[in-house]
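J.: The feature topological domain 'Extracellular' is assigned by Swiss-Prot to 1-54, 110-126, 191-215, 434-448. Residues or ranges marked as transmembrane segment by Swiss-Prot on the basis of sequence analysis: 55-77, 88-109, 127-147, 168-190, 216-237, 412-433, 449-470. For 78-87, 148-167, 238-411, 471-484, the entry in Swiss-Prot reads topological domain 'Cytoplasmic', with the evidence type sequence analysis. The region 'Disordered' annotation in Swiss-Prot covers 253-322, 350-383. The compositional bias 'Low complexity' annotation in Swiss-Prot covers 350-360.
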Amino acid sequence: MVRVELQAASLMNGSSAAEEPQDALVGGDACGGRRPPSVLGVRLAVPEWEVAVTAVSLSLIILITIVGNVLVVLSVFTYKPLRIVQNFFIVSLAVADLTVAVLVMPFNVAYSLIQRWVFGIVVCKMWLTCDVLCCTASILNLCAIALDRYWAITDPINYAQKRTLRRVLAMIAGVWLLSGVISSPPLIGWNDWPMEFNDTTPCQLTEEQGYVIYSSLGSFFIPLFIMTIVYVEIFIATKRRLRERAKASKLNSAMKQQMAAQAVPSSVPSHDQESVSSETNHNELPPPPAPPSKEKRRKTKKKSKKKDQAAEEGRFLAPAMVAEDSVTDNSVSVGPVAKNHLAEDGYTCTTTTTTTTTTTAVTDSPRSRTASQKGSTAPPTPVQPKSIPVYQFIEEKQRISLSKERRAARTLGIIMGVFVVCWLPFFLMYVIVPFCNPSCKPSPKLVNFITWLGYINSALNPIIYTIFNLDFRRAFKKLLHFKT
C-alpha cells in the first residue's frame, strides 16, 4: 500500500513537473514557473508592464487620430472660410485616416499584445483588406491634394473654372475606387493564405510576390513619384513668381520716380509728397478733366468685378497677368512692359482720365495719400475721401493669395516629408521580405513598430493642418470653445 501510494505521488509530481515547462513555453517565467499575464481570460504574450505601456501608447495614438480627423471634417463643414470646394479633398483624406483609426488600429493593438489571432479567418481577411484600402486611400488623397494645388498654381484662371464640385467629387470617387481595385485582389484568390485557419495561424498581409509588387506600386511608389514631381514643379513655379514680382517691383519703383518728377509742380516740396492728386482742389494745378460718363463707369465697375472674381477663384495669379487683367480702360498711359507690371509695388496709383492721362497720387506715407495743401492760396475746401482703385484692391488680394500659396506649398511639403518618413520603411519591408529567405525576416516587434509608424501618419495630418493653416487653427479653437 505504501509503495503504491508513493508511486502514485511520484507520478503526480512528474506530471505537474512536465506541465510547468509547457506553461513556460507559452510565455510564463521559466525560472519561477509563473503563468503569463492574461486579460479577460486571454493569455498575453508580453509582460504586464509592457502590456500597460503598449496599450496606453497605442490607445493614445488612436484617440489623437480620431479626434484630430473629426475636427478636420467638422471644421470644413462648419467654418465658412474653409467651406470651399478644394477642401473636400482634405475631408476625403480625413475620412480615410479616420477609418484607419476605427477599423484597423484597434485590431492591431489586440494582435500586438496577444501575438495570435483570435477573431477568426473572416474577420482576419476583412481586417487586412480594410488595412490596405484605408491606407491606400489616405496616400492617394495626398496625391490628389498635391495635383489640385499644382493646377491651381500653374493655371489659376482656367483651373478656377474647371474646379467645380462635380469635378472634385469625381476625383475623390476615383481615389476610393482605385484604392478598392488595389486592395481587393486577395479576397478573390490572389494570395498565399492557408486553406485552414486556427489560433496559431498568423493573420498577416499576403506575401504572394506578384501581388506585393502590384499593390506596393499602386499604393505607394507611383503616388510618391507623382507627388515628388508635382511638389518640385510647385516649388519652381513659386520661385518664378517671386522673381517676377521682384523685377516688377524694381520697374514700378523707377516708374514711380519718373512720374513723380513729371507731375510735381515747383511750388510743392519734394520731401512732402511724390506727386499731387488730380482729384483735390489746388490753385497750382490745372482743372481736372471731366469725370467719365455713367455708362463708362458702369462698364468699368462690371469688368472690375469680373476680374476680382477671377482673382478670388484663381487664388494665385502671375504678377504680369494680374496687372494686365486688373488695370481698366482708365489706366495710366505707359509702355506695354510697364503696364504689365504697374500694380506690383503696392503703392496707390489712381487715374481719372478718359482721353487725357493725368498722373495721380503715388505715395509712400498715409498722410500724403490725400492732396497736400501746402502753398495753396485759396481757402481750404473739404476733400472727399478717395475710393480705392479696383486694380489696387485686386493687387492686395493677390499679395495675400501669394502668401497663402507659399504657406500652402510649404504645408504640402511638410505633409509629404512626414508621409515619406512614416510609410517608406513599411513599404520597403513589405517589398523585401517576400523575396528574401526566412533568415532575413525582421522580428515581430520590429514589424509592429514599422507598421505603427505608418499608422501614425494618419494622426499627424490633422496636426500639420492645425500648426500651419490659420483657418484650420481658428476653426479648431472655435469647435473646442477656445478664446481666439
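In case you wondered, yes, glycine gets a Cβ from its N, Cα and C as well.
What does the local environment look like for each feature on the list?
T.: If you average pLDDT over the topological domain 'Extracellular' (1-54) in this model, you get 53.
Among residues of the same chain six or more beyond the transmembrane segment (55-77), those with a C-beta under 8 A of the stretch's C-beta atoms are 83, 87-88, 90-91, 94-95, 97-98, 100-102, 105-106, 108-109, 112-113, 452, 455-456, 458-459, 461-463, 465-466, 472, 475-476, 479-480.
Sequence-distant neighbours of the transmembrane segment (88-109) (same chain, 6+ residues past either end, Cβ-Cβ under 8 Å): 54-55, 58-59, 61-62, 65-66, 69-70, 72-73, 76-77, 119, 123, 127, 130-131, 134-135, 137-138, 141-142, 144-145, 148, 165, 168-169, 171-172, 175-176, 448, 451-452, 455, 457-459, 461-462, 465.
Across the topological domain 'Extracellular' (110-126), the DSSP tally of helix, strand and coil residues reads 11 helix, 0 strand, 6 coil.
Secondary structure of the topological domain 'Cytoplasmic' (148-167), assigned with DSSP and counted as helix (H, G, I), strand (E, B) and coil, comes to 17 helix, 0 strand, 3 coil.
Sequence-distant contacts of the transmembrane segment (412-433) (same chain, at least 6 residues past either end, Cβ-Cβ under 8 Å): 139, 142, 145-146, 149, 205, 207, 212-213, 216, 219-221, 224, 227-228, 231, 234-235, 440-442, 447, 450-451, 453-454, 456-457, 460-461, 464, 468.
Note on the topological domain 'Extracellular' (434-448): residues 108, 112, 115, 207-209, 212 of its chain, located 6 or more positions outside it, place their CB under 8 angstroms from a CB of the stretch.
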J.: Among 127-147, 168-190, 449-470, point out the range having the most Cβ pairs under 8 angstroms from the transmembrane segment (216-237).
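T.: That would be 127-147.
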J.: For the topological domain 'Cytoplasmic' (471-484), find every same-chain residue at least 6 residues outside the stretch whose CB is under 8 Å from a CB in it, and list them.
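T.: Contacts of the topological domain 'Cytoplasmic' (471-484) (Cβ under 8 Å, skipping residues fewer than 6 from its ends): 71-72, 74-75, 78-79, 81-82, 465.
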J.: Using DSSP, what is the helix/strand/coil residue split across the topological domain 'Cytoplasmic' (78-87)?
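T.: Summed by class, the stretch gives 7 helix, 0 strand, 3 coil.
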